[in-house]
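Comments concern the structure below.
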Amino acid sequence: MSSMTQNLREVMKVMFKVPGFDRVLEKVTLVSAAPEKLICEMKVEEQHTNKLGTLHGGLTATLVDSISTMALMCTERGAPGVSVDMNITYMSPAKIGEEIVITAHILKQGKTLAFASVDLTNKTTGKLIAQGRHTKHLGN
């Protein structure tokens with residue numbers, strides 16, 4: 001396991017255990033961290049679902065936001081930035097008990113903006129569940 005992966009695991013432990021919104025991600029497991037790429041997994045549980053028993057769109061958006069931000073922290077600059085724009089395209093449902101893989105890529109990082117893409121896929125079938133794009137302002 002790389003030191004980057006180990007360091008990020010420690011950050012995630014703290015983030016997901018303190019009071020606040022990030023606790024909704026406490027079931028997310030970090031698989032690997034590399035410069036500009038992060039892979040996580042999560043088993044869909046009842047607490048993650050909408051009334052139809054599928055992964056809630058709001059949680060999907062939170063995964064896009066948080067996992068892409070952590071991927072940005074794995075770059076040389078290491079700045080998490082603040083969100084400027086985010087969009088998510090929902091393509092297929094994820095049901096209770098299904099394992100999903102969340103893969104974030106940093107597409108470009110400039111002086112003030114960074115651009116990321118995030119794919120959520122079914123771990124068993126590889127089917128694309130959702131795809132997100134996230135633009136972050138990095139400051140001056």
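Here the Cβ of each residue, glycine as well, is placed from N, Cα and C on the backbone.
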N6-acetyllysine per Swiss-Prot (candidates: Lys27, Lys95, Lys123): Lys27
For the set Lys51, Lys108, Lys136, say which residue Swiss-Prot annotates with N6-acetyllysine. Lys108
Annotated residue, N6-acetyllysine, per Swiss-Prot; candidates Lys43, Lys111: Lys43
Out of Lys17, Lys37, which residue gets the N6-acetyllysine annotation in Swiss-Prot? Lys37
Fill in the CA-CA distance, Lys108 (CoA binding site) to Lys27 (N6-acetyllysine), as an integer in Å. 29
Between the Cα atoms of Thr112 (CoA binding site) and Lys27 (N6-acetyllysine), find the distance and write it as a whole number of Å. 32
Close in space but at least six residues away in sequence, with Cβ under 8 Å from that of Lys27 (N6-acetyllysine), the same-chain residues are Met42, Lys43, Glu45, His48
Which ones, of the recorded positions Lys37, Asn50, Gly81, Lys127, have a Cα no more than 10 Å from the Cα of His137 (CoA binding site)? Gly81
Report the same-chain neighbours of Ala94 (CoA binding site): residues 6+ apart in sequence with Cβ closer than 8 Å to its Cβ, ordered by sequence. Val44, Thr54, Leu55, Ile100, Leu120, Asn122, Ile129
